[in-house]
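Let me begin by presenting the structure, written as structure tokens, before commenting on it.
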Amino acid sequence: MTSTVTQQAANALPPVARTYQVRTYGCQMNVHDSERLAGLLEDAGYRRAADGADADVVVFNTCAVRENADNKLYGNLSHLAPRKRSEPQMQIAVGGCLAQKDRDAVLRRAPWVDVVFGTHNIGSLPTLLERARHNRAAQVEIAEALQEFPSTLPAARESAYAGWVSISVGCNNTCTFCIVPSLRGKEVDRRPGDVLAEIQTLVDQGVLEVTLLGQNVNAYGVSFAADERLREDPRMWQSVPRNRGAFAELLRACGRIDGLERVRFTSPHPAEFTDDVIEAMAETPNVCPALHMPLQSGSDRILRAMRRSYRAEKYLGIIDRVRAAIPDAAITTDLIVGFPGETEEDFQATLDVVAASRFSSAFTFQYSKRPGTPAADMPGQLPKAVVSERYQRLIELQERISLEENQAQVGRTLELLVATGEGRKDAATARLSGRARDGRLVHFAPGAAADEPLARRAFDQVRPGDVVTTTVTGAAPHHLIADGALLTHRRTRAGDAHAAGLRPRTGVGLGIPGVGAPAPAPVTTGCAL
């Protein structure tokens, strides 16, 4: 009798789902791809591991742009090796650009890895994990071209209030320092209706802000994933008609979505930046007054060697036209120091363009030699000491400009979308963080808004996803400070969702079996039967 009851209890217990963790390296594209990986795994029955807990499946979504990305990945894989030996049932998967580049080399350097999948194989991850577990052998799947636009895949979004929306994947440019086109393939664009439908789905779940993603958003319209010629052969991109006004039209269409309060995009290419985009930014109220436009170098000679297809004069002209149309626009950029053959004169040209551009901030990088790129074989590779010294001078100039630009914000009233986990805050002041419409990070005092009656102030605690207005009281190079009382506080559905721990979901399921929940294991009771 006891044995029968015990067995019935064991059978009644639900199976324990396997847990997962996704570790992301690199750009916003990878961050969004990781949301898709999470969505796929959850649709297949896995559940996210608790913070600090060891996951049954660890997925690395990798970057191949810089050398330290390689070192970071293989270092982390080495740290997991002892656990893999002691817990052979746990699984390790490596995906993303580095997996696409290194392929079988991942298994040679880390033979304890279970799955290696490429940038075009995101949707295969749950199946590959199950196959590796069943066959007890590593699985490698690297496709050479995009077969299905990844935004059709389910995605478990990280934020309740802001979402990434891909408008294209791949790149048709041939920058000599960049390995991305060889890993992500030629550009393939989504149809506007598909993009807008995904945005609407996010807004319906309370999302207030979207960022449109593409390697070169200005080239949007060069091809469309739904074009029949691309379905037959993805290499046919050159023969697909292009709508050069498609991106500006897409921005304006975003302006017609009720409830969508903020639209951002990244990254445009200066060579294809057209005035219709500037006009759309200026005339569409929910398009944020912010522009991130990579410069890379201020030297025309180096830009030519980089194959960047524009020169410093054109770049500065775009900035002038943006600021004429949108006076309060915050402009940010990417810069590379120490490209092969860069002379002191070339570097000074970069400093001159940076000084003239008055960037709000800049992502600055020391040139990193990447095997497989034309720049890796160029003569004139610079000594590390020279690159480091120039890098420091560039940092000092941009830090001064960033501080001056932020100091000019003191006294202004800004609308903030309250965020979570943004930057360093002073715990003693209990500040929260938010992003202004121009993208600046603001640490603010979360005191009750002046327009709120006392009876509501306890209820109206500020939450990530809410919208507040406040006055800037201080500045640093990388953030603003607002220590006065809030002027207004608007509770939002995004704030409700964040407080409830809800995450937006997009994409469609693929009919993947629920492999994350294995058959129930035998239960040992207190009677040890």
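In case you wondered, yes, glycine gets a Cβ from its N, Cα and C as well.
Quick look at what Swiss-Prot lists:
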type	residues	note
BINDING	CYS27, CYS63, CYS97	[4Fe-4S] cluster 1 binding site
BINDING	CYS171, CYS175, CYS178	[4Fe-4S] cluster 2 binding site
DOMAIN	18-134	domain 'MTTase N-terminal'
DOMAIN	157-404	domain 'Radical SAM core'
DOMAIN	407-486	domain 'TRAM'
Taking the recorded [4Fe-4S] cluster 2 site as CYS171, CYS175, CYS178, identify the other residues of that chain whose CB atom sits within 8 Å of the mean position of the site's CB atoms, giving them in sequence order. ASN173, THR174, PHE177, ILE179, VAL180, PRO181, GLN215
Roughly how many Å separate the Cα of CYS63 ([4Fe-4S] cluster 1 binding site) from that of CYS175 ([4Fe-4S] cluster 2 binding site), to the nearest whole number? 17
Listed in sequence order, residues with CB under 8 A of CYS27 ([4Fe-4S] cluster 1 binding site) and six or more positions away: CYS63, VAL65
In the domain 'MTTase N-terminal' (18-134), how many residues does DSSP put in helix, strand and coil? 60 helix, 23 strand, 34 coil
Measure from the Cβ of CYS97 ([4Fe-4S] cluster 1 binding site) and count the other Cβ atoms within 10 Å, all protein chains considered. 26
Does anything in the same chain, at least 6 positions from CYS171 ([4Fe-4S] cluster 2 binding site), have a Cβ under 8 Å from its Cβ, and if so what? CYS178, VAL180, PRO181, ARG184, LYS186, GLU187, GLN215, ASN216
Quick check: which same-chain residues outside CYS27, CYS63, CYS97 lie with their CB within 8 A of the centre of the [4Fe-4S] cluster 1 site CB atoms? TYR25, GLY26, MET29, ASN30, THR62, ALA64, VAL65, ALA69, GLY96, LEU98, VAL180
Do you know offhand how many angstrom separate CYS175 ([4Fe-4S] cluster 2 binding site) and CYS97 ([4Fe-4S] cluster 1 binding site) by C-alpha? 17
Take the Cβ of CYS178 ([4Fe-4S] cluster 2 binding site) and count every other Cβ within 10 Å, whichever protein chain it belongs to. 21
Determine the Cβ neighbour count for CYS175 ([4Fe-4S] cluster 2 binding site): the number of other Cβ atoms within 10 Å of its Cβ. 21
